[in-house]
Amino acid sequence: MNTSTFNLDHCIEKLQKCEILPESTIKEITDKMKELLISESNVQEIRSPVTVVGDVHGQFYDVLEIFKIGGQCPDTNYLFLGDYVDRGYHSVETISLLTCLKLRYPSRITLLRGNHESRQITQVYGFYGECMRKYGNPTVWKYFTEMFDYLSVAAIIDEAIYCVHGGLSPSALSIDQIKVLDRFQEVPNEGALSDILWSDPDPDREGFVESQRGAGYSYGKDVTLRFLQNNKMQHIIRAHQLCMDGYQTLFDNKLSTVWSAPNYCNRCGNMASIVEVNEKLERYFNTYAAAPQSLSNKPTLDTNKELPDYFL
């Protein structure tokens, strides 16, 4: 690695000012990131205390707010549950910063894959267009979407709390099955890899029912409790769904949804949260509103377009 062109501390400092990195540097950091991620398992083992972060969707100034509230990396151990890009105005800066932080402090930050870490989805919901506007070509989008194929898909805190972007799959009811999935690919339209990134809990259903999102399933309390029992887990923390209060708990407090993008799409008026998990595995939801810069920042995307139903 040529340190004269690639200095992580310099990159992080630049990104914290919301300045994009050169295309050549993006290639270097994504190549290094793939080298790092290939050594990580599908299901990462994490020790408490750890702060868990849900969807951030390119809301860069709110990501900076997360580090102010939760503590800077590496002082705080972080687990991000995916959906770093699309919809927000600064997806490039957001994923660039998180990638650089992962490279700089690999044991203090874990990045999981969300359903938006996908070529197909990012071509529709903003990241591709943002890369084209900011770089004039799709090369940076290609670098990052290739890197997305390497991200882990789940994590376990202290062998007790299962963490994933979306949830459960009828095709992978044991964590051992998730450990052997081939994750090094574009998110498929169906199957276990797709399901765990796309599925949602539903308190009004039992079992698995095909999701109205067009991918994944709605899953009920019964299969959730069975999954926990069979895998000797105590709780599930997941993201993927907008929560007006920033979080939601379901199924006798056995499942939590954490949402970390306040005032989503600059119009939803919702709160956001991060989950602090201590050594006793107690969960504290730290809620926050949109950062002032996010409220005043001029959009680079057309947020007047209709949001797809699955998004809200």
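Each residue, glycine too, has its Cβ placed from N, Cα and C.
Taken from Swiss-Prot, the feature active site, proton donor applies to HIS116, supported by similarity to another entry. Among the features that Swiss-Prot reports, Mn(2+) 1 binding site is placed at ASP55, HIS57, ASP83. Summarising the annotation, Swiss-Prot assigns Mn(2+) 2 binding site to ASP83, ASN115, HIS165, HIS240.
Known features from Swiss-Prot, placed on the structure.
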residue	record	Cβ neighbours (10 Å)
ASP55	Mn(2+) 1 binding site	29
HIS57	Mn(2+) 1 binding site	28
ASP83	Mn(2+) 1 binding site	28
ASN115	Mn(2+) 2 binding site	25
HIS116	active site, proton donor	27
HIS165	Mn(2+) 2 binding site	26
HIS240	Mn(2+) 2 binding site	26
Cα separation, HIS57 (Mn(2+) 1 binding site) to ASN115 (Mn(2+) 2 binding site) (Å, whole number): 11
Of the recorded positions listed as HIS116, HIS165, HIS240, the one whose CA lies nearest the CA of ASP55 (Mn(2+) 1 binding site): HIS240
Top Cα neighbour of HIS116 (active site, proton donor) in the set of binding-site residues HIS57, ASP83, HIS165, HIS240: ASP83
Inter-residue Cα distance where the pair is HIS240 (Mn(2+) 2 binding site) and HIS57 (Mn(2+) 1 binding site), in Å: 11
C-alpha spacing of ASP83 (Mn(2+) 1 binding site) relative to HIS240 (Mn(2+) 2 binding site), in angstrom: 8
Output field, Mn(2+) 2 shell: CB within 8 Å of site CB centroid, site ASP83, ASN115, HIS165, HIS240 dropped: ASP55, LEU81, GLY82, GLY114, HIS116, GLY166, LEU197, TRP198, ALA239
